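The structure is given below, and queries will be raised subsequently.
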Amino acid sequence: MLSYRHSFHAGNHADILKHLTLYLVAGYLTRKDKPLVYVDTHAGAGMYQLNQKHSQQNKEYLTGIQKLYDAENLPPMISDFVALIRSVSDQHEHLYPGSPMIAQAMLTAGQRMMLHELHPTDLHQLKQLMEGDRRIRVLGTDGYQGLISIVPPKERRALVLIDPPYEIKRDYDLVCSTLEKACKRFGSGVYLLWYPIVDRQRIDALHGKITRMGVPGLYAELSIEADQSGYGMTGSGMIVLNPPYVLEQQLQTLLPWLASTLAGTSGSYQLKAF
């Protein structure tokens, strides 16, 4: 688990789906300055340099944020999302923010963040980035355990992002067991779960376990290629438990445009409430 570095993948198509979903949900939850805690179980480094060695190895950002930068006539919600990315990155297109930076920009003064990261290099960078913001705690501890320890939160409102690397198969079981425990302790939290599209059977099993929990939600998938089991990631998905009532319609509007813009005729999407 400690070997994973998101810098190789920053700004790719999967980041666009994940961060756009986070942006839409956080935008809804922060419309009013009410107490809220944001929990990130796998926070990463916080900011990534797209012109450095890791990102340049496969140039995955060309499948994601770069296509949004180059696109014309963006839908208003996408345009606002890209404007936030540019703002957080100080208008430098060679920088791409991770979820902690996006959340930090959106949360109000009375809201707080709990960020978990195990990789020592990324943890050090994240602490430097967040230094001085008293709303934020950066912890070098296990994010799954950290989530369970904080729910139910004192704020009674929580936005949680769970996005492990899935380098080990155990992550698929851990995300399910962690979500089940968290929802039993705090059933009204808004939980976002990211997953890669690599093995459709494994995804179907993941969907089945989560829907059987009985918590209302939806899943959204964005693919740049057709499923090719065992041949790498062709897309990604987001499961949202207790989604804002506006989210399904927002994604129904945006996903077709994203699939076409990021992948042309090879792009596809799925959206389903449960």
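Along the chain as shown, residues are numbered 1 onward.
Glycine too: its Cβ is placed from the backbone N, Cα and C atoms.
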Can you tell which of His19, His54, His92 TrEMBL lists as binding S-adenosyl-L-methionine with His42, Ser99, Glu117, Asp142, Gly143, Asp163?
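Between His19, His54, His92, TrEMBL records just one in the S-adenosyl-L-methionine site with His42, Ser99, Glu117, Asp142, Gly143, Asp163, namely His19.
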Through the lens of DSSP with three states only, how would you label Ser99 (S-adenosyl-L-methionine binding site)?
helix
Once the chains shown are all counted, how many other Cβ atoms turn up within 10 Å of the Cβ of Gly143 (S-adenosyl-L-methionine binding site)?
25
With an 8 Å cut-off on Cβ-Cβ distance and a minimum sequence separation of at least 6, pull the same-chain contacts of His42 (S-adenosyl-L-methionine binding site), or say none.
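His42 (S-adenosyl-L-methionine binding site) has long-range Cβ partners His116, Glu117, Gly143, Ile162, Asp163, Pro164, Pro165.
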Just name the most isolated of the binding-site residues Glu117, Asp142, Asp163, going by other Cβ atoms within 10 Å of its Cβ.
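Least crowded of the binding-site residues Glu117, Asp142, Asp163, by Cβ count within 10 Å, is Asp142.
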If H, G and I count as helix, E and B as strand, and all else as coil, what does DSSP give for Gly143 (S-adenosyl-L-methionine binding site)?
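Where Gly143 (S-adenosyl-L-methionine binding site) sits, the three-state DSSP reduction gives helix.
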